[in-house]
């Protein structure tokens, strides 16, 4: 590996995937009823450790992923270098603002380049950061996306580069511009901020609300920045937001909308997909980030996992696949069940495995040491990963943005497990049917492989990679999503999402790498772009750090 990986002594061990919102398509079915799934067992399980197909050597699969990154990057660098977004079909870029770029694609990809040892691509990218990147742009940006992609990318590059001060200086400049978003009556941040004016901007498109994922998925990056700089402000502001959420949450599950003014949840759906997903991830990761010293986060995580099992986990009638449902509030104050699962939910399988082991167990784990709730979470994690792979059983072998499962009262539930929603008035595929290069399933495959040693997860990852190569690769450079995974010859969507470089290819690369590269017991992804070392416990126990002189 080309870059020396410094130990920074930051106590955390976690992984995550944070991503864009998707349109909400609802197929409701009856009122919620609690039930204990039939798969629940008192013993933890492992699938057979044998792939059904002969795999290429691991180094060949890993090298193939590196070539895919280089192909994607060659198109971006030729057509749109420095731009926030890349459109490989039209061969041009676009920015979040007409006034310039803030580095979404480059910063999202820096750590992947460093891990892959792509010195030339990295050097040119660093030069752009040094000479072209500025945050002094009079434009409003989303707090959540900017934190996980731009700030997280800078902090990860700082760490993996061995402490290049350029990245820390840029991170501090950006974070200081974002801090005013937290100056609200409740302490929850507004969803937007103006980078040049350094002011909060309410999200008028969402009734001035902020999603639970947005409010609860900025803590890790800002706390790490406090660790690196000694400035407690970043810690204090983001910790206050978590305190507000905890007080509003109680012992239940979190609706997806909060008011930055009152600090209270607003009547809205409960789901593990868009606008809710990463909140649940970060509960575990904040506990791990603090060297397991802040038990409040472990208790919040365990409580929400218990509620998820009681209220959101279901199994299909046909093949007994495990999936998650959404809860929708109705006019009578009741909750309706929607048997709908976003692709985003596929983070949960790997996250549950991580929560059961905290990354410290043997490979495979010694289940005799597991507590009952850890066995429950382990089994659920494995089953959810299997279900996510089942949604890849399409004409393209790619999974849709949204999968619908047949509820038990539907006669079709005895014949089939799931389907992709179609329009009744148009032949144009719904957005549900698209695949936009998302990373959630491969992230869970990576975690599952590292914690079980089971070659089946590499096989599944290789199948996904081959499907991406077949259907998403643009010959002239770059990769693009597809509009309908159920079509034999789907049309390309003219966008290469930044997370394809920053997450999807990174997780595939690590899946096929030797486990000594970023071992779970020492290294961690705490967000989609933030990579740190867990050399020794430090920071984030009860008090924020003091500012360094």
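Placed from the backbone N, Cα and C atoms, the Cβ positions cover glycine too.
Listed in TrEMBL for this protein:
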type: ACT_SITE; residues: 145; note: active site, proton donor
type: ACT_SITE; residues: 277; note: active site
type: ACT_SITE; residues: 401; note: active site, proton donor
type: ACT_SITE; residues: 440; note: active site
type: DISULFID; residues: 346-388; note: disulfide bond
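Feature annotations (TrEMBL) mapped to structure.
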| residue | record | Cβ within 10 Å |
| --- | --- | --- |
| 145 | active site, proton donor | 18 |
| 277 | active site | 29 |
| 346 | disulfide bond | 31 |
| 388 | disulfide bond | 27 |
| 401 | active site, proton donor | 23 |
| 440 | active site | 28 |
Measure from the Cα of residue 346 (disulfide bond) to the Cα of every one of the active-site residues 145, 277, 401, 440, then give the nearest.
440
How many whole Å apart are the CA atoms of residue 388 (disulfide bond) and residue 145 (active site, proton donor)?
25
Nearest of the active-site residues to residue 401 (active site, proton donor) by CA-CA distance, picking from 145, 277, 440?
440
At the level of the C-alpha atoms, what whole-angstrom distance separates residue 145 (active site, proton donor) and residue 440 (active site)?
16
Between residue 277 (active site) and residue 440 (active site), how far is it from one CA atom to the other, in Å?
11
